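**Student:** Right, I'll just put the structure down here and ask away after.
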């Protein structure tokens, strides 16, 4: 029955049974789209417009733009940034664990300990490797 | 599971031992750990029990053990042959070896997975260390380039894979491969989500194994990556990816065989032609290997296309034989050590160092599939298995083998030539280390007598 | 030890010898090389002898399987029955004598080691030929002896004067044999087609079964193909011209290969396949006439040859023709009998001629010899015995075996008998001519040669003496019923015993009166020729004329009936023309076009495909996307 339909139509057919469920989402999408487009289109038309060289600059924070944005930054920035993300993610895992602490009992504790253990090992490795030393 | 734990600990220990800056200690500990893993696997083979049997994500069945053992052997060989290079950066020796072992860990997970989740984890554990290792020669722009290219295309493929898994989950409602199989068997009508998901997963696999048209990364990456990593990619990564490939497609998607088989047939043919034809005009050795590996992927895909009871074993045997030949050649390449990796630099190898030359010639002939070398038996098994089902495909494969022989023999001739008199190419010294000689010895023995394995199975 | 265990040893010993001499020969002293080769072949002989006495039924020994397919099984299997062991005895027996002789004859040759390697390999191949239990093994041995014969004929390819000609002779032998081999090969394929097997015993079982329906044309085809194979190796018209040229090889080689053993391969093949030939009477007719013609033509040519070895070579061809007459008549045991005695006296004659040539400092022209009997007495006496044996002198071996065949010919038809008798007469004439020219009269060679005349060393004369004894008494092996009633026709009984098919063929015997008459005719004619020859060559001292003075039939004979010239005009020229044209058009235009075109095509394709690898990662991803899109399009099209 599906075999002769084209791809898009086929998706549609497949989802048809519960298509009414998606009507609110579709409506909301339309509203969002209309709001964004409407704001962008009408806002400049409605308000007064004053332009000057300073205001038209694409980065205005009171300091004169100087030099090129693309200059090399020490790789340590990135190393530290990525290590931060790693350990940050680790911390995120604690939230669900904390909520389920009672339910998971001893097995859960062991799992988390192993997990933290690995991260600790990683941290020791990072330290020993000297990745966090700013100057070497 | 025990094997995986040992392997993981081995990798960790290797990383930490590295701080002692004693390369030999690192080497011996890591190899010891790898051998321990192998021992655990062999125990598993004879006593299939597991102390973590409640965990269903991985299952060390016979298939997984066979593939894993080969992967371990290859890893040991590659660590041996690349040790000289690893040693030259003292502060990173352990990192190199540790990353390879982590990647091997991923490969073993990939051949033993039971659900898509573990499969994806395995794939990532396999890939990420390789992204890093490909760029291991930090001062070499080619190496960085290869790492970046591999990473970008790899990330893309991973995205596609995840997308595919998600679609598949949407269609079947499960991650477990046997449940997926069950679903396809019982489903009265299969949602198009499943088909598209399958195609996405297929694309990701084709990328990993390097089949056309998803192969473009491989010549650049093989060429730029350090030689041991190239060998690792050709031997172990391919093994893991193929293992997962055949496992997934023979279990989860076996019911949809009629759907994916024609597409795979076409891609297998395309891959063979692309690999062999591109290889003809190569002047760099590792690029030649890359294209030859693409061509071999084409031959290996035949096992998937015909899918008989022997397919998995044939594929295993084929990758086994291919791995030995490739590792031997990579080792020889390291011995020749030409800065620009020209095939011409092999000139005179046969006279300057007859043993190395002999191994190189044997390995090339094994890749070409010349009897009685192991490569011949590998090809023979695959072709013999497929000939009744799909003679046209085998005819194409044979034609391609014919093309292949051309560039392999051309390289053989270069190796056997007298050392050139022109000053353009300065002669390498062909320095070997004992470890490399051991690797070459093992490889050549395997290639010469590997046919005997057939007696066993 | 049992036959099963001994049989592979027979084969193995010469192979070991060939291997050791071939690989390590350079490091071994000459004596070791020669005696090793000789002893191993002799060892084979004694093992074969012990098998011969143990054998009471055919024994098959499987060595290994060569090809095993559902429809085709080829085994490397050995068969010991009386026929194969009999042949083995001849090959190894005479072979070891010739090895011994060669140790003396080749002692000054730089290729000593190589020579013995080849000889041993030849014995090995010949043994495979006769001992194999199927046509495949036979073919294997067949090709093996072909190669060894090629190597040995061209043995002195580096000779300054005659090296080139030796090479040509070797090539000629090889190519002519290939023609025959092709026939044999087609025969084997036809056999496979008809019977699905190449095993002698299986084919014999099918053919001799009572309900077997004779597929006449198929049988004719098979047997004709086998016979063509046999004409190649056994030098019959039209493929006989290689054999006289093969005399370019060292004399022991001529003795071993081109007289005693290899040329009997065709006879062996026919006897082995007797049950097939019995089903194809037309082939037997062809065989009969071809044999007859060969016998006559070769005898005629031998009349005016002046090279001592050429005379013997043509006599071999003539005798082989005689053998094919016997085979055409279905007289298989008679043929085997004559093969045996012929092996004795022809090996003797060749070795004798070798001894003569050795004494004459490598001179082969009988016009330059003469009066040698007092210089080399042992050679003279043994040569005389050989000559008498081949001419059918009463009570010598050739007398019995030849008369047996003549008797069968007489039983077939009287004209056949008369023609054959004529050929036998010719044999007697040229043999006595040669004998008298060589050993009687005045010495006609140079002073230098005369100075060097010497009797050969013991290791050359001993084989001569042994062969002479065999030539005298060899006839006992198969005495006709006339002499010994109980044990008569020993070989017939021997073969009936356990050679497939042989018990089905019974030749009728002539009445004993007739036999007596025939014998008398043979004896009288032989003696008459002897007397006349003595008159002509000894009393009148008549000498061969120079080539230029020959006229009439003598000229035709001396020029070998112009066979080579005819072949050149008939085959060589047209083929050369064809190949020239073929080379110009087919090879250069067509084949090169295809071959290089294909290669070029692939190279170009490679160049194109290589270009796809642009090095730009965005393109790579684009390709991957297009791959995925392609797959999805495939999906949409499929459903």
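Backbone N, Cα and C define each Cβ position, glycine as well.
So TrEMBL lists the following for this protein:
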TRANSMEM  B:62-81  transmembrane segment
TRANSMEM  B:93-111  transmembrane segment
DOMAIN    B:115-403  domain 'NADH:quinone oxidoreductase/Mrp antiporter transmembrane'
TRANSMEM  B:117-136  transmembrane segment
TRANSMEM  B:148-170  transmembrane segment
TRANSMEM  B:190-211  transmembrane segment
TRANSMEM  B:232-253  transmembrane segment
TRANSMEM  B:259-277  transmembrane segment
TRANSMEM  B:289-309  transmembrane segment
TRANSMEM  B:315-335  transmembrane segment
TRANSMEM  B:355-374  transmembrane segment
TRANSMEM  B:394-416  transmembrane segment
TRANSMEM  B:437-456  transmembrane segment
**Student:** Mind checking which residues reach the transmembrane segment (B:394-416)? Cβ under 8 Å, same chain, six or more beyond either end.
**Tutor:** 269, 272-273, 275-277, 279-280, 282, 285, 288, 292, 295, 298-299, 302, 343-344, 346-347, 349-350, 357, 360-361, 364-365, 367-369, 379, 383, 386-387
**Student:** What stretch in B:62-81, B:190-211, B:232-253, B:289-309, B:437-456 has the biggest tally of Cβ pairs under 8 Å against the transmembrane segment (B:148-170)?
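**Tutor:** Most Cβ pairs under 8 Å with the transmembrane segment (B:148-170) come from B:190-211.
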**Student:** For the transmembrane segment (B:190-211) and the transmembrane segment (B:315-335), does the number of C-beta pairs under 8 Å, pairs 6 or more apart in sequence, reach 3 or more?
**Tutor:** no
**Student:** Take a look at B:62-81, B:117-136, B:232-253, B:259-277, B:289-309 and tell me which one has the most Cβ pairs under 8 Å to the transmembrane segment (B:315-335).
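**Tutor:** Selected stretch: B:232-253, with the most Cβ pairs under 8 Å.
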**Student:** Go through the chain and flag residues at least 6 beyond the ends of the transmembrane segment (B:117-136) whose CB is under 8 A from any CB in it; none is fine as an answer.
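**Tutor:** Those are 57-58, 92, 96, 99-100, 102-103, 105-110, 143-144, 146-148, 150-151, 154, 158, 161-162, 165, 175, 208, 221, 224-226, 229, 232-233, 237, 240-241, 244, 248, in sequence order.
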**Student:** Using Cβ atoms and a strict cutoff of less than 8 Å, what residues sit near the transmembrane segment (B:93-111) while being 6 or more residues removed from its termini?
**Tutor:** 3-4, 7-8, 10-12, 14-19, 21, 23, 26-27, 30, 33-34, 58, 63-64, 67-68, 71-72, 75, 78-79, 82, 86-87, 118-119, 121-127, 129-130, 132-133, 136, 228, 232, 236-237, 239-241, 243-244, 247
**Student:** How about the transmembrane segment (B:232-253) and the transmembrane segment (B:289-309): do they have 3 or more C-beta pairs under 8 A, pairs 6 or more apart in sequence?
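**Tutor:** Checked: the transmembrane segment (B:232-253) vs the transmembrane segment (B:289-309), in contact.
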**Student:** Rank B:259-277, B:289-309, B:437-456 by Cβ pairs under 8 Å to the transmembrane segment (B:62-81) and hand me the top one.
**Tutor:** B:437-456
